[in-house]
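What Swiss-Prot says about this protein:
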COMPBIAS  349-362  compositional bias 'Basic and acidic residues'
COMPBIAS  380-392  compositional bias 'Polar residues'
COMPBIAS  1149-1159  compositional bias 'Basic and acidic residues'
COMPBIAS  1263-1274  compositional bias 'Basic and acidic residues'
MOD_RES   THR1257  phosphothreonine
REGION    1-124  region 'Interaction with HSF1'
REGION    335-392  region 'Disordered'
REGION    1102-1137  region 'Disordered'
REGION    1149-1274  region 'Disordered'
REPEAT    31-64  repeat 'HEAT 1'
REPEAT    67-101  repeat 'HEAT 2'
REPEAT    104-146  repeat 'HEAT 3'
REPEAT    153-192  repeat 'HEAT 4'
REPEAT    227-266  repeat 'HEAT 5'
MOTIF     345-360  motif 'Nuclear localization signal'
Amino acid sequence: MASGSGDSVTRRSVASQFFTQEEGPGIDGMTTSERVVDLLNQAALITNDSKITVLKQVQELIINKDPTLLDNFLDEIIAFQADKSIEVRKFVIGFIEEACKRDIELLLKLIANLNMLLRDENVNVVKKAILTMTQLYKVALQWMVKSRVISELQEACWDMVSAMAGDIILLLDSDNDGIRTHAIKFVEGLIVTLSPRMADSEIPRRQEHDISLDRIPRDHPYIQYNVLWEEGKAALEQLLKFMVHPAISSINLTTALGSLANIARQRPMFMSEVIQAYETLHANLPPTLAKSQVSSVRKNLKLHLLSVLKHPASLEFQAQITTLLVDLGTPQAEIARNMPSSKDTRKRPRDDSDSTLKKMKLEPNLGEDDEDKDLEPGPSGTSKASAQISGQSDTDITAEFLQPLLTPDNVANLVLISMVYLPEAMPASFQAIYTPVESAGTEAQIKHLARLMATQMTAAGLGPGVEQTKQCKEEPKEEKVVKTESVLIKRRLSAQGQAISVVGSLSSMSPLEEEAPQAKRRPEPIIPVTQPRLAGAGGRKKIFRLSDVLKPLTDAQVEAMKLGAVKRILRAEKAVACSGAAQVRIKILASLVTQFNSGLKAEVLSFILEDVRARLDLAFAWLYQEYNAYLAAGASGSLDKYEDCLIRLLSGLQEKPDQKDGIFTKVVLEAPLITESALEVVRKYCEDESRTYLGMSTLRDLIFKRPSRQFQYLHVLLDLSSHEKDKVRSQALLFIKRMYEKEQLREYVEKFALNYLQLLVHPNPPSVLFGADKDTEVAAPWTEETVKQCLYLYLALLPQNHKLIHELAAVYTEAIADIKRTVLRVIEQPIRGMGMNSPELLLLVENCPKGAETLVTRCLHSLTDKVPPSPELVKRVRDLYHKRLPDVRFLIPVLNGLEKKEVIQALPKLIKLNPIVVKEVFNRLLGTQHGEGNSALSPLNPGELLIALHNIDSVKCDMKSIIKATNLCFAERNVYTSEVLAVVMQQLMEQSPLPMLLMRTVIQSLTMYPRLGGFVMNILSRLIMKQVWKYPKVWEGFIKCCQRTKPQSFQVILQLPPQQLGAVFDKCPELREPLLAHVRSFTPHQQAHIPNSIMTILEASGKQEPEAKEAPAGPLEEDDLEPLTLAPAPAPRPPQDLIGLRLAQEKALKRQLEEEQKLKPGGVGAPSSSSPSPSPSARPGPPPSEEAMDFREEGPECETPGIFISMDDDSGLTEAALLDSSLEGPLPKETAAGGLTLKEERSPQTLAPVGEDAMKTPSPAAEDAREPEAKGNS
């Protein structure tokens, strides 16, 4: 390198040395061009740090001294981008920046190289590329704006610039701190560039001539104002999100704070967002920061707030900024010094750039799109106007909500609650940032506290602000996404639609070409064809000729040399990559391997598979070279070599254990042609359960990106929908359901599904259901698995296309029984997916095909299993039942939607069905399908259902079925409680004629709930009044009930007429002795009320027993005896009442009073001195008002006989105790002071309605409560 001699020359800079030499006589008389050639040759040979010095001299020569040489030597300098030296690669980036600034047209050639360097593996190279892009983005935008006619190359160049800007924004998430810092500065510049300058924007002196959004005309043919404005706002949003990330580092946070301050000063329209971001950060400092870092961040935040406060546009936000500064410990005097004066605000001059912009603006386009106008921001408006447009933020809304709630009481409560969670010692981080609260309790301090709390709540996703924003943005968000996507389509087109270029391709001549229409050509990086050794002044040497030394070789030598040459080229991978000739090497290898034998191909394939990711370019080059050879051969060409290459690659990739990066998919999608054999490899890849999703994603992309053969690829995916492996099949069905939504594929998918469904009408499974390797000549029977194979796809599509249900019904009618059973088992879930309001499903119910009744019924059951039937569904089923198919099974699913009358009419038919079906019917009516009973939706409540069963005509249904049905009711103990059964018995007893199963129900109820004993006694007494003996079956049950309930039933038996009493003894003679003993335990006064005819029957076979004392009173005639009912326990009894019970009479009051008058003249029944005669005044008070029965309290288990007399005081406790013992009832807690009086009764004309007598009956719950006492007394 000629650098001159002497100290004076050595001390000069590289550039000054060079220019001095050039201005002088020159070294060896070299021209500038020759000098450049010489320096480049030196740089190619130098390996130490002096290479940078030489390259910088070249840069000075061709950029500053003689720019005409720039284009000539561009490729040679760019070749150094593959140099292993980091500094050299950084120099190349700097050279690209300077060259493009000198001649912007060079950006067309160099942008792809810069894009490659942006992805360099070295961090410092990437950082240098980001810094260069910060400048070149503005330069490129200005160039595009000035160009009124945009070429295709310019469009592609700008697309790549925009894509690189997007990539740099993504580097905000890089793992390297330095890269993130550089990305923040790039985003800052991007936001400033893609937003308009305003009247009060602060413009740094070095950026005065930089382009901004306001300099871009609205009618530019390619650059769209609105798109750039949206990109600028999106970049700001990304920066704000990055700043509030909880894991942000200290250096990144400091850089972001400065960038936001710069943005606020240069673009005041973003002042609101910046202040809010500062507030959020102040309230939520990242927890990962150390104590010293917290102090540093707070100091930076304070400095930037003060710088923003100086700006005139900060007037609107002075309250928020001041509060933040006070919290950060800023003195009021310092805040006052940094306040903008109102004079500056009023008299702030307009920037020169604004006036220049006015001159530059073109005439407005009268045909401008209204939609674009709506999106245009007002560049000349103030920050206040922009704030009004943007509306309140989440924090503002939440702060307004909290401010009135921050009363002294509420704040005191919050402090007290939070003290529970305070640590024992003050954290160091809190101590470092704590500043005393000034002006506590003032309106300003309360407002600040509300904003602090609102900021934290918003960061946590809480508060009314977040909720309102979500609601307001739901619909606009969808529209915004659509618009943004349409805006970005043009930019991303090249990236998505780029085709892999074929080396030496003749694809434009091939009719078999499958690729999509050619996308916009992207800029390609410069790759020098030869090594940087250039022919210059010293390059004139004798040309080496191969023919001079060529000697004939044997075939074996030739083969060995070929193999050796290929191996050497393969092994030279790293060396070639450092020299920048990697692409040349790939082309050589692809050409060699295509022309030679399979031995070389196996060697190259093995080399590729060793590191597929790094050598994928070689794989594609080889693949496309084979395809190009096939095309070049024309009509006589064969695909065998291409197919062999593709299958080898795919098979090798399939054997690789880890395919997470999707290389297999990339090879399939970018292969020029997918042959049948290759498609079979893809299919096997899909059948691998560990790679199912990736394989089917590949198939999906083939279907959508290669429309010429999409149905062939779709067929493979459809075949997989009936695969025997669950995971493979499920994944295929998911993909197919998404494709079914596409109109162009819908018909094919549907036809395939219906073809498989139609296979079910065959007597045996067709061979298509079996693999090709299985023998299907012998007819195999249908199995559940083969039936399901035909149904999987159809059932997956059914919820999306309800019309398909009619096809299933048609097939079902023709299928064999085994197939029908499987269909019924698998149809449930898809039918539920259709829903009972599906018009097609309702139509199927309405027009139920003959033979599909079971299918329709199953559908109805599936629909109504957990939800009540809809009115429309009930109407269709009702019409079907009444007009076409009177099969009561149709009604079962919609029972809860029918009228009560309809259910009662259908009951005789329903209970004659299979017991399992009957159980289902009762589960629906009682609401017990899923556990606890809930008949709220049933047309019949439990009581009405049981009554309806009793009322079924035995002609319509046999008694055995009715009894089984009632047993099902009694089995539901949770539903048929004692209260329900009491109401049922009361209503059945009131019916005329009495139901045949009445007494059976009474006995079952008493067995289930023994505490109903008292109530049952009342029922039996009422049945005597209804002359139960006239109903033979009921009478037989009556006697059995009396037999089972003795001795409680003795009081009822005594009410029977003599003839019927004798009949009872005839059927149950064992009742006579206990009943006689019971009567003899009465006092004489009580026995006086027993008619002689009754006593005669009682004593008919008991003459040997001592006769009871006759009552002095005259005997009652049989006709005078009226059946009496149990009376409820009276109001508090007199203390001397030894029996503790009262008489309740159901007949006329007048006749009862007459009986009392007959008994009064007798000696025994006459009152004694201590027993006053009964009188109206001595009677208990009127009975309590009739209320609903309450069985929650236990009552006495038995009652006294319906006929009894008063007793004297001195009768003694022993006799009374004996009477209680015989009745198994409790000893009364209080006895009457005088004789027992009779309760007034209503006349027959005012008998209580149905159920009222039950209300008078003692509570069964009360009986159970007093049972222990009764047992103790007995």
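Indices start at 1 and increase along the chain as displayed.
A Cβ is built for glycine as well, from the same backbone N, Cα and C atoms used for every other residue.
Taking H, G and I as helix, E and B as strand and the rest as coil, DSSP gives the repeat 'HEAT 3' (104-146) the counts 39 helix, 0 strand, 4 coil. Per-class residue totals from DSSP over the repeat 'HEAT 2' (67-101), listed helix then strand then coil: 28 helix, 0 strand, 7 coil. Long-range contacts of the repeat 'HEAT 3' (104-146) within the same chain, counting only residues at least 6 positions beyond its ends with a Cβ under 8 Å from a Cβ of the stretch, are 70-71, 74, 78, 81, 86, 89-90, 92-94, 96-97, 153-154, 157-158, 160-161, 163-165, 167-168, 171, 176, 178-179, 182-183, 185-186, 189-190, 193, 210-211, 215-217, 220, 222-223, 522-526. In the repeat 'HEAT 5' (227-266), helix, strand and coil residues by DSSP number 34 helix, 0 strand, 6 coil. Across the repeat 'HEAT 4' (153-192), the DSSP tally of helix, strand and coil residues reads 37 helix, 0 strand, 3 coil.
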